[in-house]
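Note sheet for the following structure.
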Number of protein chains: 2
Amino acid sequence: MADAARALSDEAEVVPVSLGDRSYEILIGRGLLEQSGARAKALGARKVGVVTDENVAAAHLPRVMESLTAAGLDASAVVVPAGESSKSLDRLATVVDGLLAARIERKDLVLALGGGVVGDLAGFAASVLRRGVRCLQAPTSLLAQVDSSVGGKTGVNSRHGKNLIGAFHQPSLVLADADALDTLPEREFRAGYAEVAKYGLIDDPAFFARLERNWRQVFAGGPERTNAIAASCRAKAAVVARDEHEHGDRALLNLGHTFGHALEADVRYDGARLVHGEGVAIGMAMAFRFSAALGLAPEEDAARVGAHLATVGLPTSPKAIPGGVSDAATLLGHMRQDKKVEGGKLTFILARGVGKSFVARDVDAEKVLAFLESELA
Amino acid sequence: MADAARALSDEAEVVPVSLGDRSYEILIGRGLLEQSGARAKALGARKVGVVTDENVAAAHLPRVMESLTAAGLDASAVVVPAGESSKSLDRLATVVDGLLAARIERKDLVLALGGGVVGDLAGFAASVLRRGVRCLQAPTSLLAQVDSSVGGKTGVNSRHGKNLIGAFHQPSLVLADADALDTLPEREFRAGYAEVAKYGLIDDPAFFARLERNWRQVFAGGPERTNAIAASCRAKAAVVARDEHEHGDRALLNLGHTFGHALEADVRYDGARLVHGEGVAIGMAMAFRFSAALGLAPEEDAARVGAHLATVGLPTSPKAIPGGVSDAATLLGHMRQDKKVEGGKLTFILARGVGKSFVARDVDAEKVLAFLESELA
């Protein structure tokens, strides 16, 4: 990083992601979007193609464009509709076409400005544009800041399931501007919190206990929120550094996601009924109840997980989804199509307790079915 | 490679491609398509999704499916229309959807059976399917055997230009079955020969001289053809091993391609008027004439290149394209959109003589324009 950019980061928390020649930094702090021009320039870009959605554009695009232009960069923007439906190959085609029309070249930058949908879509577009252009992730939702903007997973959905089409494409920099969360709708902030809690549940019981004590300060903003974001990013960066392409450990990050994705698929990604973080919250509560039902985890840990998620206002049961969901067999069918199926066997992240998650390959489909039936009864 | 598979390769020429944990082998010989089942099984696949086009399906699909099934593999096929128009994001969506419907998983294989279009499309589909599934390239055209199936470049075209959307995705194995070339239309074989000659022109004057002497035997088939294919694959593998992602040397493989792509774009990829190899032939002849015009190469080397290409029946001038092409300024516009433009400067592969090619960055657009005008006069 150039000296000028390093000076800029004095007040931001810096979380390094160690991936050899694909290493990068996550910066977490206030006012980072206003620095996007200087940051992009420090990366050696001449042109920057911003990808964002209509909602985020209204809230943040003008100051980002101003920052880019003030830094002497040739800036353009592609704006997509807000919502999960933008994670499609059709929308990818639109975005790539816009970036090509703006003549973004190999040494330039794609700037993903938005939540998880924009990050996944723009990151994927950057990865396939001219067979790979660098991407600067500027996540504006809590979920994107603590999860999707870090680690290089990008992609879109298929009618066969979520994220089935995509690429591993590490960003060159992540700018997590804490100011952006101030304007986030509460439901969206809460959904992102599910991913924060996830890091405690995976392997950090002390972090989960701290969240149980201090979750109100995390929701209110201020230093405890920034700390929680930084702790989450550090946890994710450590897992990604160990296993970039998800051949092993990285699967732990999918705690709650196998059940959660099945529920999202079942409501056809209708965000009015279920957003991703809510699916993860239900999925994590289910993963702990399933672990307890299999005799792996104490019943009280499952109860404790459900209680904390419910306390912050997150759903913890598939029955809480407005309009209800399909039967157990249909939900199991969604899981079979999930890409975390290998050789026809089901892979789940299960737990021996809070902070004691593990990858369980070869989970018996019959037991999953029986558990799902009990959940829906 | 398993022992059984190694035994199978006794009669095939083996060209290794050294890329660390992405290393693989190119096998060149007769009867390799009949071995595709055993080869896929040796790679540990359980399911194989074949991607091919209508023409190749009629000629080769039944024996490939039979080989896969006989090896105990779960085989399915996605058949696309023949021709360059299948290199589109729309067609990619169809192929990926077909592979997902066949439940191809991360440890399975995509088998690209066909020429350059199928290889580029299927390789790209494999790279984005579940964020990366392995690909076995079974090239059935000379062009695909000596060029596009080797080196991991995959992709589709955009309205802004050729191959502007894609990925680097190395195959896990290349099976170049010499038998497949016996049924190839002569025009297509000849077009592929342009890429064979290219390797001599880049940095192997002895190989080019041998082609000048023995080209009739290469066209007729037999050992001289297999030798030429293996020599081409070795040349390409050496360049790819040095520079997998085209940051430097690999650009040499684009000899003839900057002019060639501009011509292809100008006829809107209408294969009836110009196929890729013909564009490359014209482009190589132009690159040598341009090098001579700039005082870099002797006039006689430019004449010699044009003479050999013309002798085998390849076009060597843009004026040879049926229906003609646009004016010089329009052709230059096509080049500017080519992805080999960096920082707005034009990159060309020029030559100091036969076998003495080099990467020339920062070529003056005015000189290109003047040269194009002289070519079209």
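Glycine is no exception: its Cβ is also placed from the backbone N, Cα and C atoms.
These come from TrEMBL:
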type	residues	note
BINDING	B:Gly116, B:Val117, B:Val118, B:Gly119, B:Asp120, B:Thr140, B:Ser141, B:Lys153, B:Lys162	NAD(+) binding site
BINDING	B:Glu195, B:His257, B:His276	Zn(2+) binding site
DOMAIN	B:78-190	domain '3-dehydroquinate synthase N-terminal'
DOMAIN	B:192-341	domain '3-dehydroquinate synthase C-terminal'
Can you tell me how spread out the NAD(+) site is, meaning the largest CA to CA distance among B:Gly116, B:Val117, B:Val118, B:Gly119, B:Asp120, B:Thr140, B:Ser141, B:Lys153, B:Lys162, in Å?
21
Between B:Lys162 (NAD(+) binding site) and B:His257 (Zn(2+) binding site), find the distance joining the two CA atoms and give it rounded to the nearest Å.
11
In the same chain, outside B:Glu195, B:His257, B:His276, whose C-beta lies within 8 angstroms of the Cβ mean position for the Zn(2+) site?
B:Leu143, B:Asp147, B:Ala194, B:Lys198, B:Gly256, B:Gly260, B:Gly277, B:Gly279, B:Val280, B:Gly283
Return the residues near B:Glu195 (Zn(2+) binding site), defined as same-chain residues 6+ apart in sequence whose C-beta is under 8 angstroms from its C-beta, sorted by sequence, else 'none'.
B:Leu142, B:Leu143, B:Val146, B:Asp147, B:Ser232, B:Gly277, B:Val280
Three states by DSSP: which one describes B:Lys162 (NAD(+) binding site)?
strand
Around B:His257 (Zn(2+) binding site), how many other CB atoms lie within 10 A of its CB?
25
Protein Cβ atoms within 10 Å of B:Ser141 (NAD(+) binding site), excluding its own:
26
How big is the Cα-to-Cα gap, in Å, between B:His257 (Zn(2+) binding site) and B:Gly116 (NAD(+) binding site)?
15
Check each residue in the chain of B:Gly116 (NAD(+) binding site) that is at least six apart in sequence and keep those whose C-beta is under 8 Å from its C-beta; list them in sequence order.
B:Pro139, B:Ser141, B:Leu143, B:Ala144, B:Asp147, B:Ser148, B:Ser149, B:His276
Within 10 angstroms of the C-beta of B:Val118 (NAD(+) binding site), what count of other C-beta atoms is obtained when all protein chains are considered?
32
List the residues of the same chain that sit at least 6 positions away from B:Asp120 (NAD(+) binding site) in sequence and have their Cβ under 8 Å from its Cβ, in sequence order, or write 'none'.
B:Lys87, B:Ser148, B:Lys153, B:Thr154, B:Gly155, B:Val156, B:Asn163, B:Gly166
Per DSSP, what is the residue count of the domain '3-dehydroquinate synthase C-terminal' (B:192-341) in each of helix, strand and coil?
108 helix, 0 strand, 42 coil
